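What TrEMBL records for this protein:
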- 99-255: domain 'Peptidase S54 rhomboid' (DOMAIN)
- 16-35: transmembrane segment (TRANSMEM)
- 56-74: transmembrane segment (TRANSMEM)
- 86-106: transmembrane segment (TRANSMEM)
- 113-131: transmembrane segment (TRANSMEM)
- 151-171: transmembrane segment (TRANSMEM)
- 183-212: transmembrane segment (TRANSMEM)
- 232-256: transmembrane segment (TRANSMEM)
- 268-288: transmembrane segment (TRANSMEM)
- 294-318: transmembrane segment (TRANSMEM)
- 345-369: transmembrane segment (TRANSMEM)
């Protein structure tokens, strides 16, 4: 037994609870020492009870409970936590209103919903603290008016989250799913009142996330391997994040101005930049053909610095100055009184930016599927197939103009639905080749169906792969695609060997001078077959060999 194998075996022999106990004891000891020297003496609890009923952010807890319940119940996440229903809840088109209205509250998987719930628990208590369960104006009393009722103010928090979520669903650019637009709005609202506190809790949440991962996954073993990876920034709905962030800043800034509690400009500028950098708001990109994407790094960095300046001009304390008092008319001696202040100008630009972001989403929301793709599998109004080199109707809609690539082709497992205006490449050609199989969850609330796409392949020496793609559903298996035959580069006894895909198994053809000398099927493991004067053998390791007399050549490997 090697040293590495022995080390891994020893690590796995240690019970999970021992690792978790070491981490938790270390955390509690560290916190205890800090509290011993800090000595809050109830100050923290008093500060929370001054703004929250019983010192608890009830609105945050209600919001988190609602989003979690949607995932567990409506999306069947309780029964299928890592493969919930996703496709029915995407904002595909305005002509599919169910997706538009539900997309902000649905998620693509367990990691997705967990990430957004952690983000909500990070920023929403700060935003709720800024809002408060008790009236803040001088002389006001709780329960004196409806808007001063603490229970009404608590319910206003999840109600605002729903409202912002619906806006993000309506004005999302292209098909989106997830609560992240609302999370970014909550973060913007919190930053407008408590910029430094918001950044500190944001960084603190990363520490909590690390502690959780350390207790649930105490160690991992990795090795070099070939994997299919899409750039992380290419999976981010950047327009939805930016729209939510600006919307939250606008609402939070309005509240701060009304209460005359504006943050210092330096703190607001630094917090905005730090949040924008850490959350990738600078990652502006467009898709092009062939599964490629263009990241406009320089443009994105310039945008976040200009955005920070705009936010400081509109919401920074001590910064509301006269920008333009008089406007001289050209070619005349007359002038107009403008009386335009910096905060008013910033508000105008801010509003125009929100409108522009909304308009960019409207034209993609008007998408209508031209022609559906005839599917090998039909499930609840969905058509599932595998195709290569066809037009991606959705991405082609987005990738236009000076920064787009025009018509975009796609290859892979494709889902369409004419009634829902869906055209979706669930798994691209290279992703399916790397994984071997993928599973789609289709259906509607209350109905859950699985469709499995499986790729089998041989890789001829010196040439392209030969492969087939099968689609399976409800114990039915259908051949969806076969590639072109491929010729093995080495020749044996002057003969060329061609690997051919067939419906049941792969075939071998022996060719000499454009004449087919014989055909046979690829043998099963450990068996020999002959054709065209050559013998073929398949080994347990997945190699396919051809031989004649004393010559034995490896001609292909299993894909």
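Note that Cβ sites are derived from N, Cα and C of the backbone, with glycine treated the same way.
Long-range contacts of the transmembrane segment (268-288) within its own chain (CB-CB distance under 8 A, at least 6 residues past either end) are made by residues 184, 187, 191-192, 195-196, 198-199, 202, 233-234, 236, 238, 241-242, 245, 294-297, 299-301, 303-305, 307-309, 311-312, 315-316, 395, 398-399, 403-405, 408. Within the chain, the transmembrane segment (16-35) has long-range Cβ neighbours (under 8 A, six or more residues past its boundaries) at 211, 214-216, 218-219. Per-residue confidence over the domain 'Peptidase S54 rhomboid' (99-255) averages 85 (mean pLDDT, predicted model).
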